[in-house]
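Features reported for this protein in Swiss-Prot:
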type     : residues : note
TOPO_DOM : 1-20     : topological domain 'Cytoplasmic'
TRANSMEM : 21-41    : transmembrane segment
TOPO_DOM : 42-73    : topological domain 'Extracellular'
CARBOHYD : ASN60    : N-linked glycosylation site
TRANSMEM : 74-94    : transmembrane segment
TOPO_DOM : 95-98    : topological domain 'Cytoplasmic'
TRANSMEM : 99-119   : transmembrane segment
TOPO_DOM : 120-138  : topological domain 'Extracellular'
TRANSMEM : 139-159  : transmembrane segment
TOPO_DOM : 160-167  : topological domain 'Cytoplasmic'
TRANSMEM : 168-188  : transmembrane segment
TOPO_DOM : 189-193  : topological domain 'Extracellular'
TRANSMEM : 194-214  : transmembrane segment
TOPO_DOM : 215-233  : topological domain 'Cytoplasmic'
TRANSMEM : 234-254  : transmembrane segment
TOPO_DOM : 255-265  : topological domain 'Extracellular'
TRANSMEM : 266-286  : transmembrane segment
TOPO_DOM : 287-299  : topological domain 'Cytoplasmic'
TRANSMEM : 300-320  : transmembrane segment
TRANSMEM : 322-342  : transmembrane segment
TOPO_DOM : 343-357  : topological domain 'Cytoplasmic'
TRANSMEM : 358-378  : transmembrane segment
TOPO_DOM : 379-410  : topological domain 'Extracellular'
TRANSMEM : 411-431  : transmembrane segment
TOPO_DOM : 432-485  : topological domain 'Cytoplasmic'
Amino acid sequence: MGCVQSFRTLCDRPKNTNVRISLPAVCFVWQIAMIILFGVFIRYDEESDTHWIEHRKKENISSDIENDFYFRYPSFQDVHVMIFVGFGFLMTFLKRYSFGAVGFNFLIAAFGLQWALLMQGWFHSLDYTDGKIKIGVESLINADFCVAGCLIAYGAVLGKVSPVQLMVLTLFGITLFAVEEYIILSLIHARDAGGSMVIHTFGGYYGLSISWMLYRPNLDQSSNLQGSVYHSDVFAMIGTLFLWMFWPSFNSAITDHGDGQHRAAINTYLALASTVLTTVAISSLFQKHGKLDMVHIQNSTLAGGVAVGTAAEFMLMPYGSLIVGFCCGIISTLGYIYLTPFMEKHLKIQDTCGIHNLHAMPGVIGGIVGAITAAAASESVYGKEGLINTFDFEGAFKNMVPTKQGGHQAAGLCVAICFGIGGGIIVGCILRLPIWGDPADDNCFNDEPYWELPEDEESAPPILHYNNHMANKDVVDTNFGMEQN
């Protein structure tokens with residue numbers, strides 16, 4: 001008990017947001033480390049190396065157009081836009097934290113993708129003949145996926161941490177992601193094309209666990225900056241639209257060429273469309289006078305894309321995709337209305353962006369849908385070759401049957417949750433140390449501590465908020481059941 005009390009006392013020391021030494025030191029040292037590690041380990045793969053001509057002749061490839069670049073790069077472009085524009089602008093809803101939302105998103109994504117190429121390369125792309133990691137366009141897509149988990153986690157602690165803390169969060173998050181991805185995809189042999197388990201479930205619970213460890217009992221001192229204003233919600237909606245439009249590319253980017261990739265895009269497209277309607281319906285039903293809440297429209301409309309990710313390449317059927325989107329729109333929106341305030345009040349989890357409702361819960365639903373769909377697969381639906389190709393029943397897993405594959409899918413979901421929660425608690429303990437330059441409770445959700453602001457912004461008084469992503473609004477009875485004031 002004495003050690004615990006000493007640790008708490010240490011962590012409760014006065015805050016100092018001056019990162020003039022720590023932030024440049026971390027950026028310079030870690031970037032130099034990346035240069036050295038890339039020099040030692042990273043090389044072009046056979047499709048991006050100058051020996052491609054020889055490889056093409058050896059494999060009897062007739063044209064350069066068959067290079068993987070031309071198959072994957074359109075999807076890579078879409079995923080890249082989602083990472084840097086979609087996630088970045090989605091988090092600009094806070095009235096005084098737009099620089100931090102977009103700028104720090106940019107920072108940790110740029111660092112994270114470099115570290116991800118190394119970590120994922122050591123697990124998946126290491127050539128044991130020369131000890132080098134061979135990278136191509138698919139490696140870039142996987143690195144962006146890896147970064148997405150950390151950006152999801154950032155949403156839980158948005159406005160409450162320093163850029164140095166975010167770099168540490170990303171360093172450990174990428175490392176944990178690479179390990180859990182290897183366990184789920186390679187050892188357990190679960191399929192997760194759109195990352196419902198590997199990306200969203202892990203990233204969601206990783207961020208929530210960190211937020212729980214960094215709980216601020218006096219965060220209400222920054223409540224005047226915790227909401228949005230009209231123009232900040234419009235900017236956040238831009239992020240939503242970019243994510244919504246490109247999510248079919250996200251879920252299909254690394255699936256097998258041909259029918260699997262085609263099917264993944266269709267399933268995601270339909271799930272997203274269905275989610276929009278149910279989100280609007282629930283938002284109107286549970287708000288006073290039937291008005292829509294922009295929080296729900298910005299976030300819950302994307303939940304279907306998250307939940308359909310694992311089963312995106314399976315024979316989910318178009319109506320099945322619509323059902324997944326329908327259910328997720330309801331669950332995610334109700335999560336914002338009831339679950340987020342409950343978690344803050346009773347579980348001490350301050351979830352700034354509501355990632356539990358957009359990523360964690362839909363990710364778990366996606367894992368469950370994937371397990372059920374895999375277990376229900378049959379030769380009559382998939383065909384013999386289709387079943388083998390879709391679930392990769394080859395090599396050590398050639399005797400696998402669909403029902404057993406369903407169990408492996410469920411096991412993969414459990415691993416993602418355990419890594420997210422366990423890793424988040426450990427990293428949260430590290431981030432609680434008073435050496436990272438995080439803001440005081442009365443200075444959160446504010447760009448001023450870390451950014452040079454225009455003079456008119458520095459002197460501007462706080463704007464009264466009209467929309468708060470974390471507010472516990474009063475609930476009153478209506479003819480439909482419950483309604484919010």
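Just so it is clear, glycine is given a Cβ too, placed from its N, Cα and C backbone atoms.
Keep in mind it's a predicted model, so treat the numbers as computed, not measured.
Long-range contacts of the topological domain 'Cytoplasmic' (160-167) within the same chain: residues 17, 19, 22-23, 26-27, 30, 104, 107-108, 111, 154, 211, 214, 216, 219, 350, 352, 431, 436-439, 444-445, 450, each at least 6 residues beyond the stretch ends and with a Cβ under 8 Å from a Cβ of the stretch. Proximity of distant same-chain residues to the transmembrane segment (411-431), defined by a Cβ-Cβ separation under 8 Å and at least 6 residues beyond the stretch ends, is recorded for 153, 161, 165, 168-169, 172-173, 176, 179-180, 183-185, 188, 190, 192, 197-198, 201-214, 360, 363-364, 367-368, 370-371, 438. The transmembrane segment (194-214) shares the most Cβ pairs under 8 Å with 139-159, out of the stretches 21-41, 99-119, 139-159, 266-286, 300-320. With a cut-off of 8 Å on Cβ pairs spaced 6 or more residues apart, the transmembrane segment (99-119) and the transmembrane segment (322-342) reach fewer than 3 such pairs and are scored as not touching. Note on the transmembrane segment (234-254): residues 72, 74-76, 78-79, 81-82, 85-93, 98, 138, 141-142, 145, 193-195, 228, 260-262, 264-269, 272, 294, 297-299, 301-302, 305, 308-309, 312-313 of its chain, located 6 or more positions outside it, place their CB under 8 angstroms from a CB of the stretch. Same-chain neighbours of the transmembrane segment (300-320): 191-197, 199-200, 240, 243-244, 247-248, 250-252, 255-256, 260-261, 263-264, 266-268, 270-276, 279, 282-283, 327-329, 331-333, 335-336, 357-359, 361-363, 365-367, 369-370, 373-374, 377, 381-382, 390, 409, counting only residues six or more beyond its ends whose CB sits under 8 Å from a CB of the stretch. Beyond the ends of the transmembrane segment (168-188), by six or more residues, the same chain brings 30, 108, 111-112, 115-116, 119-120, 122-124, 146-147, 149-150, 153-154, 157, 161, 197-199, 202-203, 206, 210, 408, 411-412, 415-416, 419, 423, 426-427, 430-431, 436 to within a C-beta distance below 8 angstroms of the stretch. Secondary structure of the topological domain 'Cytoplasmic' (160-167), assigned with DSSP and counted as helix (H, G, I), strand (E, B) and coil, comes to 5 helix, 0 strand, 3 coil. The transmembrane segment (266-286) and the transmembrane segment (322-342) are in contact, since at least 3 Cβ pairs between them lie under 8 Å (pairs 6 or more apart in sequence). If one looks beyond the topological domain 'Extracellular' (189-193) by at least 6 residues along the same chain, the residues whose Cβ comes under 8 Å of a Cβ in the stretch are 251-252, 254-255, 260, 264, 309-310, 312-314, 370, 374, 390-392, 397, 400, 405, 408-409, 411-413. Among residues of the same chain six or more beyond the topological domain 'Extracellular' (120-138), those with a C-beta under 8 A of the stretch's C-beta atoms are 41-48, 68-69, 72-73, 76, 146, 178-179, 181-182, 186, 254. Long-range Cβ proximity for the residue listed as 'N-linked glycosylation site', meaning a same-chain Cβ under 8 A and a gap of 6 or more residues, is found for none. For the topological domain 'Extracellular' (379-410), the predicted model reports an average pLDDT of 94.
Nonlocal intrachain contacts for the topological domain 'Extracellular' (255-265), taken as residues 6+ away from its ends with a CB within less than 8 angstroms of a stretch CB, comprise 71, 193-194, 248-249, 312-315, 386, 389-390.
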